Amino acid sequence: MKTALVAWVIGAHALLGYTTVGGWPYDEVNEVSFAPGVELVLAALIGPSGLFVIGGFFFLAGLFTPPSLRRKGLSRFTADRLLRLGLPWAASALLVWPLTMWLAYRVAGHDESVWWVVTHRYPLLDAGSLWFAFVLLIFSLVYAVWRTLSPPDEDAPPPGMGLLMVMALGIAVTSFLVRLVFPAKSGQIFDLHLWQWPQCVFMFVLGLICARHGWAREVPEKIRRSSTTIAVITVCLVPILGIAVGITDLAADIGPFLGGWTWQAAATAIVEGILVVTGSIWLLGLAQRHLTQNGRLAKACSRAAFPAFVIQGPVLILLALALRQLDAPAEVKAPLVAGLALVSSFWLGWRLVSRTRPEPAKAPRHAR
């Protein structure tokens, strides 16, 4: 599942760089963009899944954090998270991402300095896609301290559909409220994506709960089937409902859906709550049943997934800049950048980890 999510993020970022609605920094300097009709079709095809991918990452992180803390202890766990999450984030925010965006601006004809990019580009101290690592670092350290001070309740009942619906409702309500202040796609210092924190927090906590009941190995069949049904129906309904409410130009019509006292913002939060919970469990169950890591390529991609995620930002920008002089529309360039970025990011990621020893992948059933 981790490999599939990382691949989805890389591909989606490549496409978003050529949109008018935005969502990836190359849209600040792109030389071509999708036609409105094409952009609308892309939104219908990949937009619903975009509502739960980040939550899916935090769900996975929650699943595997307890066994890691139990295995390493607080001190080693903290040092490991600072190294794996904090160091890449700091390097990206202070050096790699400013240099990458400076190069993008220069190639696009903007005469800006690296220092200007660091101090004046919005949001301040943007780390590209590695905002995820910084937020996960915060969550992980808070959990580690809390769990060290408060041992888990070993008699807690296993999670069921009732808990999942409570989580979905919690995400919907808190997302709507948070976006009254921080609308979707807004930026904050460190590019914290505060408008996504409700799903991040709830899904990380859900992962922690499910970790103690063996979900890292196998999602209960009844819950997997129910979640799959709900997620698939919702994914299919979202584009139909979008057309029904009159969305014809994504860039022009998206505003009310991003936040505020509007029915569109409320509907978005409700759909997001349903999808992020059921969609994450659907993908996890799908991966457990059909995406087992038996082959060498699958194992290599799994190990390379996190470093591929870390380096994807510069890889995507550099590839887009390299193809800038290609006389072709966005409908050609974007898929080309996506394909090249997927191969390059995972290959470079594999090169980075190929000489290290992989950590044990299995989580004990009753891990804390």
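Placed from the backbone N, Cα and C atoms, the Cβ positions cover glycine too.
Feature annotations, courtesy of TrEMBL:
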DOMAIN    2-350  domain 'Acyltransferase 3'
TRANSMEM  41-64  transmembrane segment
TRANSMEM  85-108  transmembrane segment
TRANSMEM  128-149  transmembrane segment
TRANSMEM  161-182  transmembrane segment
TRANSMEM  194-215  transmembrane segment
TRANSMEM  227-248  transmembrane segment
TRANSMEM  260-284  transmembrane segment
TRANSMEM  304-323  transmembrane segment
TRANSMEM  335-353  transmembrane segment
Segment-segment contact (the transmembrane segment (161-182); the transmembrane segment (260-284)) at 3 or more Cβ pairs under 8 Å: yes
Maximum Cβ pairs under 8 Å to the transmembrane segment (41-64) - stretch from the list 85-108, 194-215, 304-323: 194-215
Long-range Cβ neighbours of the transmembrane segment (227-248) (under 8 Å; 6 or more residues past either end): 36, 40, 43-45, 47-49, 164, 219, 254, 264, 267, 271, 274-275, 277-279, 281-282, 285-286
Interface present between the transmembrane segment (260-284) and the transmembrane segment (128-149) (three or more C-beta pairs under 8 A): no
Contact call for the transmembrane segment (304-323) against the transmembrane segment (85-108), three or more Cβ pairs under 8 Å: yes
Surrounding residues of the transmembrane segment (260-284) on its own chain - C-beta under 8 Å, 6+ positions past either end: 1, 4-5, 48-49, 51-52, 55-56, 59-60, 164-165, 167-173, 175-176, 179-180, 183-184, 199, 202-203, 206, 215, 219, 223-224, 226-228, 230-232, 234-235, 238, 241, 245
Average model confidence [pLDDT] within the domain 'Acyltransferase 3' (2-350): 91
